[in-house]
Structures are given as C-alpha cells and as structure tokens.
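Just below is one structure, and these are the notes that go with it.
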C-alpha cells in the first residue's frame with residue numbers, strides 16, 4: 001500500500017507515498033507525505 005498525502009511516514013521505511021514524497025514538516029515535527037510542488 002501507500003501513504004496518503006499528509007499521512008505520517010518514515011523516510012527510512014519501505015513505505016512510499018501515494019502522491020508526493022516523504023519529508024519533514026516543521027510545524028508538526030514529523031515526517032509526512034507531501035506533494036512535491038508544495039501545494040497540498
């Protein structure tokens with residue numbers, strides 16, 4: 001399966017985001033799936 005946008009993810013895990021990439025989100029202090037274009 002894949003992780004939906006804004007789902008919590010781990011860059012070191014084998015999971016992949018449905019759309020976008022797994023990146024650090026400062027205001028949540030977590031890694032989350034975000035769209036590459038920066039417009040979620």
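Cβ atoms are placed via backbone N, Cα and C, with glycine included.
Listed in Swiss-Prot for this protein:
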DISULFID  2-18  disulfide bond
DISULFID  9-22  disulfide bond
DISULFID  17-33  disulfide bond
Measuring CA to CA, name the entry from the disulfide-bonded residues 9, 17, 22, 33 that ends up nearest residue 2 (disulfide bond).
17
If you count Cβ atoms within 10 Å of the Cβ of residue 18 (disulfide bond), leaving out that atom itself, what do you get?
11
CB neighbours of residue 33 (disulfide bond) within 10 A?
23
Note: in the chain of residue 17 (disulfide bond), residues six or more apart in sequence with C-beta under 8 angstroms of its C-beta are 2, 3, 4, 5, 7, 9, 33, 34
